[in-house]
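For reference, the structure discussed in these notes is given below.
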C-alpha cells in the first residue's frame, strides 16, 4: 500500500495541476487496527446456483496516519471509521482451482464514513464543513463501489468481465407516494401554528434518491406522486422512505419505512397502509408496482400518463484516437484553433486530453468518470435511462475535455435503431461526429420493455382482486402504537391521473372523503378481532363482482361488526374478504367440511417439525421448517402445502415468512431457514405463529388453512435451541 501511494498516487496528484508539483507523502502509516467482519450471510435461495453470493458486515475503526506536504502546507488524515454491507459474488463456478472465475465486489448502500483530519485539513472537522467533506468522499466511493457500480476481478482466463460487472437489472419498481395520516406534531414553537407539521418524504433505493414536495401545515398530507427506481440486485436492495417536517433551521424526523423489494417482486402489486417506525404515530399509504424487463416489442406501448415504457442500458466501454487539440466546426470543415503568443495555452493544447462522456436521453443527463491525459480512454461504466417514447427518443453522446470543457466528439443514436436489432441490443464501435475522421467510441446499448406484472392469483395476500392490507398493527416499545381502522367505503377512489410532462399524478379537484370523514367513522369499527370470521359473515359475498385493480386505490381495512355495517347500510365486499391474510380466518368457520365430513375438535390434522435457536453473534432468531407429516386430505385434487410464519405480535405483511409450495403431498419436506433480526430480550417476549396452508386457486372454496401451532418462546431455551415435532390444531393451541 505504501508503495502504491508513493509510486502511483503521488505522481498522479502532481500531474493534476502545476501548483501540486511539490506534493509529497511525508508519512504513511496504516496503523495496528485491521478491518473486522462482524457477520457473514450466504444466500442459498433466489440466486443463480452457478454462483456464490454473500454479504459481509464490514467495520473498520482505523488508527492510520497519512500526511502530505504541498509547498509549506501540511495536510493529512489520522483516523478513519467505515461501516457497511459489502456484497461478494463468486462466479462462474469452475471444476478446478480456484473454483470460480471472478470476484465481484460492491456495497449495496452507501457505507457510513467518518474521517479525522490532521494539519491544515483540521478545518474540515468544523461543524457543517465536516458533514459536507465526508458526503463528498462518500459520493466518490459510491461512484466506484456502490450499486449499480461494481468492481470485478477476473481470476481465470477467457472470462467476460463486462457481463459480470454490468448485468442487466432485475427490474423496475414504480412507487406511488399517495398520502399519510396521523403524523407527529412538530411545529409547536413560538410563532408557528401549534399542532401542525410541514411534511415531505425522501425515497431512496441504493444511490438514487427523490424528494417529494412539502405539504404545508398538514398532519394528513396527500402527495399523489410517482417515482420509478431501477432495481439492480435482489435479494439485497430495499426501498427506504423517510418523512421529515420542513423547518427553517433543521428538519424534524417524522418516521421511516423499509420495504424489501424482493417481496414486491414476488407479489407484483402492493397497495397498503404501512405503520411508520421510530416515531410515536403515523401511517403511510404506498402503492408499489413491479415491472419486469422483457424483449417483446409487442408490449411496447406509449403510456398515456407519461410514465416510462422502457429502459435503456448504456455500457460505455472506451474511445480511441480522440483529438489532442480543440477542434471547431465551421463552414463544413474541421480545423484546429490557433493560439499565437500564448505559450502556456499552446503547451496545454498539445498534451493528451482528459476526457469524460456526457450521455443524455430526454431531460436526463449523466456523466462518466474522467480519464486523464489519454487519447484512448477506457471508462468501463454502465448507465440506465427511462424511456417514454422509444420510437421517437434518441441517445445523445458528447465527449468533452475536462480541462478545456470543449467537445472532442459527438454522437446521436436513435432508439428506433436499437429496436430493430436482435434482442434489442446494439454492440459496436460508433464513429464520432465533429471529431477526427478516425475517432470512434465503443458502446453496448440494451433496450428493454417495461412489462407490468400481474399479481399471482394463488398468492396469499396479493392478487388481481385482493390488494394487500395491513393486518392488526403492533404496538412497539417507544414506537408507533396500534390503532383502529375505519370501515371500508362504498366507493374506491380512482388512481390519480399523471401529467405527461411531470409523470406525477394530479390531485383530484374534489376529494370525496377527507381524513375528517375517516375519523368520524373510526368509532364504528370497534376493536379489531383476532379472526375474520368473528368480524364478517361470508354469506352473499361470493355474488359480488370484484373490482378491477385500477379502481382499488382506496384502503381496504378490517371490517366492523355486522350491526355496524347494517347501520351504515354497507355490505361486506369480496375485496375486504380477500385482502385479509388467510391466517386471520378461524378454521372451524371458514370450512366446516373437514376430513370425512366431520368437524370434531379431535380430528388429527398432522404434525410439523420445527427447529429453533437464537444466534447471539447475528442477533437473530433462526427458525428451520424441516417438514410435515400426515397432513389432512381436504381436496379431491390433492393439496399443495406451504408453511407461513409470524413472530407475534407482529402480523404485518412485511414481517411474514413463508416456505416454497410442495405439490400434491401430505408429507412435504422443506428444510428451509428463516431469520428474525431482534434482540434476545425482545425475542423472549414473543411467540411463533406457524400455520400450514394449502395453496389453492384464489376463488376456490377448498380448505385454505390445514392447521397451526403457536410456540411461546418465553418458555423455551432458545440459546441452546430445540428441535421437535408439533401437533397441528385449529387454533394453534395444544390439545388438552
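Each residue, glycine too, has its Cβ placed from N, Cα and C.
Curation does not apply to TrEMBL; its annotations are automatic.
Looking up the ranges 88-108, 109-129, 130-150 in TrEMBL, the one annotated as transmembrane segment turns out to be 88-108. Under DSSP, the residues of the domain 'C2' (292-434) split into helix, strand and coil as follows: 19 helix, 68 strand, 56 coil.
For the domain 'C2' (604-726), the predicted model reports an average pLDDT of 86.
Counting residue by residue with DSSP, the domain 'C2' (147-274) contains 12 helix, 61 strand, 55 coil.
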